[in-house]
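A short write-up of the structure that comes next.
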Amino acid sequence: MKRIIFLDWLRIFSFSSVLIGHKFHSILLNISNDDSVHESSRFLIKLILPLAYAGGAGVVVFFLVSGYVISHVLQTEQPLEFLIKRIFRIYPLYIFAVLFQYSLLYFVNPAALNLKIIIQQLLLVGDFFQTPCTLGGVEWTLRVEVLFYLFMFVLRYFKIIGQHRYALPWVLIITTLALGYIPAFPSGALAVGYLNIYGPFLFLGVFFWLYENKQVSFAQMAVFTGFIFIQHWHLIDTISPYWRHDHFAALAFLIFLAVWTLRDKLFFNRVILFISELTYSVYLLHNWLFDHIKQWTIAGGLFHQNRYALMMLLAISAVLVKAIEKPGIKLGRLLIQHLKTPAPNYPTGAEEALVNVKY
């Protein structure tokens, strides 16, 4: 399958936005308000800040990308194949990251470990049990992502993706509308109603793929986009009013739209590929391991400085991509290949006897 280059660029923006928003936003904000810094530098930083605030724009872009790419792969993947690939894409590195975090926590406070909670977190089913998120809170997006995978699996299984593709836009519209009326889910303290609020952006990514492949019109996509944003703003007002003064969702959409529009003009090389492949690993590690690295006393306290801690975070992420993420993906492919390989057709006793008589 041909690589979709513009998605690599969007992945880089996504994890950069989240990383900056979670770990460097306050630093950049202070610089932007510092009169001793050149006004042009402050101006550029002020342009960046809305794109990085709380990592919100990065998460929305991540959902748009996911909706687009899942629509693409489901054109050729069968339901079981799709499910196996998603499991081996998401879980191996995620499980390692969670266990890595808990192993560090164990040395500090062994009593804080709760096996029931850990299992729910490892399975990404915590939203059904009001289980707190791990990995510094970023787990909530993966919980939404897994629900989306299951939703698309069902659509593929019943051929709404594929044979009955004319029904897909209407299913997405009805589901989006339903998310606006059902009770806020999840109901946990960190991410109340985040499925209702941000889930539809996954469907918007699907609509972009449908429009690109001439399965919906521009007018249909435009109306659906407007509908999603109107509902999004309403849900923000009613469920998460503390976000009502921020517009990272609109900025994220504009970023996605711009890069998607320029998709045939973007260059691609090994550097872009390398950075893009860091996306998942950095996302899983940054919000807790970065602070842990800064506490290291080795090398004369070198990692107390942000730039060296960041370099170490990226280095560890690169190692995990090579050692865990890619082998996990490969293992999923091998399993699919094994399941597709027909069992050898050994002759029965009677058939073997006939062969022996003949020869």
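In case you wondered, yes, glycine gets a Cβ from its N, Cα and C as well.
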With TrEMBL as the source, identify the stretch among 12-31, 332-351 annotated transmembrane segment. 12-31
Near the transmembrane segment (43-70), which same-chain residues lie under 8 Å Cβ to Cβ, leaving out any that are not at least 6 residues past its ends? 4, 7, 10-11, 13-22, 24-25, 28-29, 31-32, 141, 144-145, 148-149, 152, 198-199, 201-209, 243, 246-249, 251-253, 255-256
Tell me, please, if the transmembrane segment (242-260) and the transmembrane segment (191-211) are in contact, taking contact as 3+ Cβ pairs under 8 Å between residues separated by 6 or more positions? yes
Most Cβ pairs under 8 Å with the transmembrane segment (306-324), selected from 12-31, 91-108, 167-185, 191-211: 91-108
Candidates 91-108, 140-158, 167-185, 218-236, 267-286; stretch with most C-beta pairs under 8 Å toward the transmembrane segment (191-211): 218-236
If you average per-residue pLDDT over the domain 'Acyltransferase 3' (5-321), what number do you get? 94
